[in-house]
RNA sequence: GGCGAGUUGGCGGAGUGGUUACGCAGCGGAUUGCAAAUCCGUGUACAGGAGUUCGAUUCUCCUACUCGCCUCCA
């Protein structure tokens, strides 16, 4: 059963086209994804790129081989938001970043994301950043001024190509920070000075800290080389972050990334979620509320990554039901040894995860459970790690099952079902699914089960 | 103002130049102490206009609307 490698097609932001993916080196497929700034819990929107690129990572490994893919996702642990948080809480910066980093890893593991091969932290790459800035200055693409180092946008004629804008357009927008030391208002900071209370590193331009964009250029260079395959992130990063990364890296002499992938933003119940509006919630909030990580993952994958996705309670409930059903069906089934071709073809078509979910529904109704399990696991669903939630409340329900069974047996003889119905109503109100069949009674915790309420009724 | 994405049946959401998406909900039936679950059956869709074509929801252009980015944000 040797099948040709499926053709992977990806929508490249750089060319605005869906292109066939041709790795630079099939033995070493390299992907860099912009990771979080670690100053607080990851909100639910942060989980989207993590899950999307986790699926891509799994797919690349499936296609090119487990050991032939290198996936890098950074942690930004130098940032003024972190500094502000540390000052606010009276904590050391490293304490904030260490804790937040761990939170992030925990929360993302809960939604089934495999850890990347490298998770570099900006603080560990400051010398590389300084070296890169020095190189840019030497090549005439950057300049030092008043303790800053700035990138000279005019020195890179393709500046704006990724996001499709010209410097003139952007200046017209008048949203750039005007500073006396800038030659061009669009010039962005590579290095900025730190005062005594702010973390800083010694540099040729004095004690200071790097600007945001340079870290990704420096870390990608260090870990993936001058030329790699895929660079990903949320589409809000397209400008200025990725535009600036390209400018820096290309001017430093790197070829940088071939394919740029950007996921669309997430909304909540039809509204934009943003920090400034304050209507966001974290992945942990959902998990604590009892929404299983697997359900979060399913919902995320049910919309194509390049479309805006709306997080709704209803979707979470539907996802929960589908997953529960599939888990019941495949509980004792061994996953098929190979992934059905149609699944690979669909997933390889610019990561059509929603299309694959459709196929999973079909496998379920056709009874092709081995394919269902194998295919779901390629998406990181129905895995061992994410299981367990379907049995939630099992022990607590055993007593009720017993009690209801006795009452029902009695009622079957007396034909008086009042007590049975009473118990059933109690359970139903607490979010328990009650199934009474010929073979007996089965109780199951529904998605919105209220265990506390159930405990109180005991 | 500039850039970009999108507009599919009650809801969610794929896909296709000519044929059933799929899921949920709904409706009818089987089953059930009643329900649930399960099984079987069942439906009105492709924003508007023009064009290309034998034929367009699918390609091209225009219009309308929605959303995102341009400022920390995935």
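Any Cβ shown, glycine's included, is placed from N, Cα and C.
Here TrEMBL flags A:34, A:216, A:241, A:245 as Zn(2+) binding site. Using a 10 Å radius centred on the Cβ of residue A:245 (Zn(2+) binding site) and all shown protein chains, the other Cβ atoms total 27. Secondary structure from DSSP puts residue A:245 (Zn(2+) binding site) in a helix.
Look at TrEMBL and you will find A:275 tagged as ATP binding site.
If you look up TrEMBL, you'll see A:342-390 marked as domain 'Cysteinyl-tRNA synthetase class Ia DALR'.
According to TrEMBL, the motif ''HIGH' region' annotation covers A:36-46. Broken down with DSSP, the motif ''HIGH' region' (A:36-46) shows 3 helix, 2 strand, 6 coil.
Confidence over the motif ''KMSKS' region' (A:272-276), given as mean pLDDT on the 0 to 100 scale, stands at 66. Per TrEMBL, the feature motif ''KMSKS' region' maps to A:272-276.
Among the listed binding-site residues, namely A:34, A:216, the Cβ with the most fellow Cβ atoms inside 10 Å is that of A:216. Note: the Zn(2+) site is recorded as A:34, A:216, A:241, A:245; in the same chain, A:212, A:213, A:215, A:217, A:231, A:233, A:237, A:242, A:244 also have Cβ atoms within 8 Å of that site's Cβ centroid. Residues 75-77, 79, 81-82, 84-85, 96-97, 100-101, 103-104, 107-108, 234, 265-266, 268, 273, 275, 280-286, 296, 311 of the same chain sit 6 or more residues outside the motif ''HIGH' region' (A:36-46) yet have a Cβ under 8 Å from a Cβ within it. Summarising the environment of residue A:241 (Zn(2+) binding site), the number of other Cβ atoms within 10 Å of its Cβ, over all protein chains shown, is 17.
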